[in-house]
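Listed in Swiss-Prot:
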- 1-21: signal peptide (SIGNAL)
- 22-113: domain 'Ig-like V-type 1' (DOMAIN)
- 44: N-linked glycosylation site (CARBOHYD)
- 49-93: disulfide bond (DISULFID)
- 139-182: disulfide bond (DISULFID)
- 179: N-linked glycosylation site (CARBOHYD)
- 232-279: disulfide bond (DISULFID)
- 300-397: domain 'Ig-like V-type 4' (DOMAIN)
- 325-374: disulfide bond (DISULFID)
- 363: N-linked glycosylation site (CARBOHYD)
- 371: N-linked glycosylation site (CARBOHYD)
- 423-470: disulfide bond (DISULFID)
């Protein structure tokens, strides 16, 4: 195949030749407080750090600052820290691993003597209710032996459970939508703790849609006989999945590595198998209640029996390009194909009424550098497809646009809390990095398929105060690195 050579000397742009299942073990330790007397719950307090595996090493953190680590003579499953002096503060702990330390425990906050710290409220497995689903509210406190209470906004009564002697959390069934919070008390007549943050429960007539994905060869222009794998992911585990094309269920081989997803295997696609595929799921306890359909995934097949289309670029004003694909057939389905070091895949689809499809690329940057071509397929039997057009190479020089960094809080962050900074850029599927002013090594790195990421500083202390910037980078299919964002200042307050 010949290569069309075109040079676009605008804005530095040049056209030229060209499953195995994973097993995970929970290691995060648990941290709770115990008091000599629940009548004076914040006097003579002992913090217990419990690991998942026996270890001789434990460490406590207070207000974001590490305390002296403890090394025991023999491994233990837990260790108790006796608090002395001013016990008010925010605590976390970690336990030893053969290769270092575990992640930090969840936050435990001890307030002043006149109030009990708020518990945490979460919903399991999801924050919605629907027929056939058993949703529960989990209220996690600070002290053992307390009584937990759940409240729905607008209700006058609490849903109360007995004392949680052996744990610091309680579970409540949730049957109604609304805004929920929970509290606890240390004795039957005692004052309530501060309420937890509010969690909203929605009532849905049907479960929300899953996500259907295809990767690798499945996202290319397919040929008869190719194998395709489609992955359907639900927002919860233990459901029944279904693959559909249009309104027809497809009974195809399937496999799974996790209870929240399924792999559908199309082992030998044929002409006519192109088009839109969706998936859905239903709960085991509601066999008639299917979720909404996923967003469709489109497959395109070509036997390359039809003539190749004509493919040409048309520069537009600004950082934009229009790619024209012309076929000798009306009413065809067109596909713009991108090829780079990451592989060859369909970039976009169009179904124009005539014989010409116009694909527009806006805000072009170095991330758009690739080889492009187009194909078309006949939507009528026998569903023939074209050979690919001549390839065009787009080469863009220069760094990509700078990202923006913003804080998700206002004012100062309390020592011992988490600080979340959001870095936003124009290019998806990149790695975001957070850097402290004057340092070259990233303090936080997040890989994301999107064009933005939350960069979280866990359990900040005075040592974390300062200015931060972010950037994004990529190694595949192209190696590039953005400039640093404008700075955002992190202030840390003790109280």
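The count begins at 1 with the first shown residue.
Any Cβ shown, glycine's included, is placed from N, Cα and C.
Counting in whole angstrom, residue 179 (N-linked glycosylation site) lies 14 from residue 139 (disulfide bond) by their C-alpha atoms. Considering only the disulfide-bonded residues 182, 232, the Cβ with the fewest other Cβ atoms within 10 Å is that of 232. Residue counts for the domain 'Ig-like V-type 4' (300-397) under DSSP (helix as H, G, I; strand as E, B; rest coil) come to 3 helix, 55 strand, 40 coil. Counting only same-chain residues six or more apart in sequence, the Cβ atoms lying under 8 angstroms from the Cβ of residue 374 (disulfide bond) belong to 309, 311, 323, 325, 334, 335, 336, 337, 357, 359, 388, 389. Looking only at the domain 'Ig-like V-type 1' (22-113), the predicted model's pLDDT averages out at 88. With a 10 A radius on its CB, residue 470 (disulfide bond) counts 29 other CB atoms from all the protein chains. Geometry remark: residue 371 (N-linked glycosylation site) versus residue 363 (N-linked glycosylation site), CA distance 17 Å. In this view, residue 325 (disulfide bond) is surrounded by 26 other Cβ atoms within 10 Å of its Cβ, with every protein chain counted.
DSSP assigns residue 179 (N-linked glycosylation site) to a strand segment in the three-state reduction.
Here the CA atom of residue 279 (disulfide bond) lies 44 Å from the CA atom of residue 49 (disulfide bond). Residue counts of the domain 'Ig-like V-type 1' (22-113) by helix, strand and coil are 0 helix, 53 strand, 39 coil (DSSP-based). Looking only at the recorded positions 44, 93, 139, 232, the one with its C-alpha closest to residue 470 (disulfide bond) is 93.
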